[in-house]
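To start, the structure itself, in structure tokens.
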Amino acid sequence: MSGRGKQGGKARAKAKTRSSRAGLQFPVGRVHRLLRKGNYSERVGAGAPVYLAAVLEYLTAEILELAGNAARDNKKTRIIPRHLQLAIRNDEELNKLLGRVTIAQGGVLPNIQAVLLPKKTESHHKAK
């Protein structure tokens, strides 16, 4: 008999992370571990960490996109906490979600009450 059956088992396939399977950048395995260790429930389904990682990734991308726009509006190439603050507070839905959140070094939105603004006086100078 020739060497049939002596090739051994199949070569182990290259490991593929659950994040790459789901097409995500956020770590599905780490989210799963944190859900298990966090005493949220006795058991954690396989889809829960994937869904949660996807939601976190989406929210992060949304905030970073708006903060990048705020940085570009201020002619800066680096996002600072001020840009995050401006991005969140100028977006209605993000502001509602993060309404009670304080961003360190974020400052406040520029806002001057209308009553405090100088009155526009209509002075008509009649040339005679």
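Just so it is clear, glycine is given a Cβ too, placed from its N, Cα and C backbone atoms.
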Between Q85, Q105, the N5-methylglutamine label in Swiss-Prot belongs to Q105
Tell me, how many other CB atoms lie within 10 A of the CB of K16 (ubiquitin cross-link), whichever protein chain they belong to?
8
Looking at the modified residues K10, K76, K96, which sits with the largest number of other Cβ atoms within 10 Å of its Cβ?
K76
